[in-house]
Amino acid sequence: MKSCLINVSLLILLLLPILGYASVNAESIDGENDFEEERGFGCFRSCWKAGHDDKTCKSMCG
């Protein structure tokens, strides 16, 4: 029983860094997506301020 608890404890200690890395990686991916959306919106906003219509802005900004 004692060796089983030791094995489980070691397994948990090995998995914690992997889960931590996955969490940090997921947050950075979310940040990149937010940046892409913000940049795209900025493009549309600038396009509209320049007096272009929606169709032209969509072709220019993607």
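Cβ from N, Cα, C; glycine included.
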Subject >> Cross-link partner of Cys57 (disulfide, per Swiss-Prot) out of Cys43, Cys47 >> reply: Cys47
**OP:** Scan Cys4, Cys43 and flag the one Swiss-Prot records as disulfide-linked to Cys61.
**Re:** Cys43
Subject >> Rounded inter-Cα distance in Å - Lys58 (site 'Basic residue of the functional dyad'), Phe44 (site 'Aromatic residue of the functional dyad') >> reply: 7
Subject >> Cys47 (disulfide bond) and Cys61 (disulfide bond), Cα-Cα, nearest whole angstrom >> reply: 8
Subject >> C-beta crowding around Phe44 (site 'Aromatic residue of the functional dyad'), within 10 angstroms >> reply: 16
